[in-house]
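Visitor: Submitted below is the structure of interest, expressed as structure tokens.
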Amino acid sequence: MTFKRYLQGASFGACLTLCCSLALAEMPTWQLAMSDADVREVVREVGEILDQTIILDPRVQGRITVLSNEALDREGIRRLFYSVLNAQGFAAVNDGDRLLVLPASEAKAWANQQVEAIPAAFTTRVFTLSGSVAADLAGLLRPLVSSSGYIGPSSSANALVVTDSAANLERLESLVLQLDSGQRHDYELVTLHNAQTEAVFAVVEAAAGGPDSGVQVVADANGSRLLILGPAKSRQRLAQLTRSLDVAAPATAQNWRVVRLQHSNAEQLADVLGEVGKRLDGAPGTRDLGANLTGDAVVKADADQNALVLLGEPQTLGSVEQIIQQLDQPRAQVLIHAAIVEVSGSIDEALGVQWGVGTGGLNGGVSFSESGTGLADLLGKEAKLPGGAALAIGTDRFAALISALASSSRSNLLSTPSLLTLDNQEAHILVGQNVAFKTGSYVTPGSGSENPFTTVERKDIGISLKVRPHINEGQSLRLEVEQESSEIAPSTAENDLVTNKRTLKSTILASDGEIIVIGGLIKDSMRKVERGVPLLSRIPWLGGLFRWRSDIQEKTNLMVFLRPTILRSQAERVEVGRRAYDGVRAADDSPLPADAQRLFEPRRLPSAQVPQP
């Protein structure tokens, strides 16, 4: 397969360019560019470049991306190929004139000795020891061998058998020579219990000096140990330094805090802090800010004690605590007085005659009470026409409004609830009953009889009011109101219930203490009423003198009157409670104490009355 054909047919985007200069025609070079290339295709093409047979293990699969900016000779291609395989978890093992490509975990079983091996190639070396015990050095050096490598002692030959990449074998060879030599035969192994291995290693390595100091420090991160090689005095000095660094964090720099909340909900506040940390870390230009605030801290909520547990760096915890203090503030409350009213208005078109005979009193005649003006009112006295209703708003505007609504013959005051709730929290009141509605029925055959079953669903029927206040800056607030009035309608069906439902849902803006009203046309009905004297009212032409007829058009509106009051302090809440208690005490015939606190037991016993055990 030629390179031209390869470039045209390679689906993985690999590009191998043969650069043959006129001056160095005998030394061809290649520039390697592979984008999402199949590893098997890459192995086949590299085999053609190296002019070597490559045996590929069936488990070697995947895709590779490699970009080379400079031209490489055949040996450079080989080294790059070995490095790419190693990065993908594979290994190349030389087996005579063949090259084996297989998973790195299996390479140690095929590796052999090579004099000049490529750093990424797997190979096997045998280190013969002269002054050390092979088993001791094997246990000491085993953490330094890669996960795909192998190290084992040979007791009979007092040697170490090591299989690993050539680069790692060179490092191990240096350590074996130092440990087995007379000058650096002694070593010190220090185990860390508190500090991080990497942090201590950096300090100890800097204290050891350069390569000419005769001291070498090796870190075993997996075992949290430091291996110190060198003269006795240097080893003792560095070992003492390592132990002095392996201490717990001072008590003044605690990495945990417990914050007990006074006004907020622990679970909700923990969610807010976690969301703030994620938003700041993900926003462009704010990653450092997010890490300084909550990114390095873990916040967990203890719902039972309403507390937050913080874990992180001390400086980070200080910032988080400041945020918690700003959020854990007493929230204002809103007292909502409500009046739910049905307002009815009618248009009467009456036609009839009411007459009577008498002097100074009613001796005889025809009168119809439905007309609104009795005949007796017209005889010898001033007529009393049906009156209306007028509202006079005084100091307690809402109380005057309620009184006017209750006394009006055209108003049906359904409910006057009072709700007290926190800012941004929903308040809900329901006055009614829970009614069972039939949803289905079926019959199960039994032993000689049928067992009927009926399924029902219970629903709340009555007057419901939901209000969620949102206090704005200043004296205004936004109210989300949802009101529902439902009742069971008269029905002739025995098993089917029909409900009449009237619902209001709105969002409004109001000021503190302002009376607002929401409502609309709910029902529009018309009825005809006719009354008359039997027989006489049916006489043609003259029957109109003995009958009365009325066409009534009635409109019913469901209206909700609201008065929100913002309570920001405890004194305001106490005053509202006192006024409500005084109103109940004045309207109730039962003797209630003048002070509402006397209704309850004392909060705590005086010190003189504490019972002794």
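The backbone N, Cα and C atoms fix where each Cβ goes, and this holds for glycine too.
What TrEMBL records for 1-25 is signal peptide. Taken from TrEMBL, the feature domain 'GspD-like N0' covers 34-96. Taken from TrEMBL, the feature domain 'NolW-like' covers 124-184, 188-250, 257-333. Taken from TrEMBL, the feature domain 'Type II/III secretion system secretin-like' covers 404-568. Marked as region 'Disordered' by TrEMBL: 585-613.
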Visitor: Of the residues in the domain 'NolW-like' (124-184), how many are helix, strand and coil by DSSP?
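Guide: Result for the domain 'NolW-like' (124-184), in helix, strand, coil order: 26 helix, 17 strand, 18 coil.
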Visitor: Which residue counts does DSSP give the domain 'NolW-like' (188-250) for helix, strand and coil?
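Guide: The breakdown for the domain 'NolW-like' (188-250) reads 29 helix, 14 strand, 20 coil.
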Visitor: Averaged over the domain 'GspD-like N0' (34-96), what pLDDT does the prediction give?
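Guide: Averaged over the domain 'GspD-like N0' (34-96), per-residue pLDDT gives 75.
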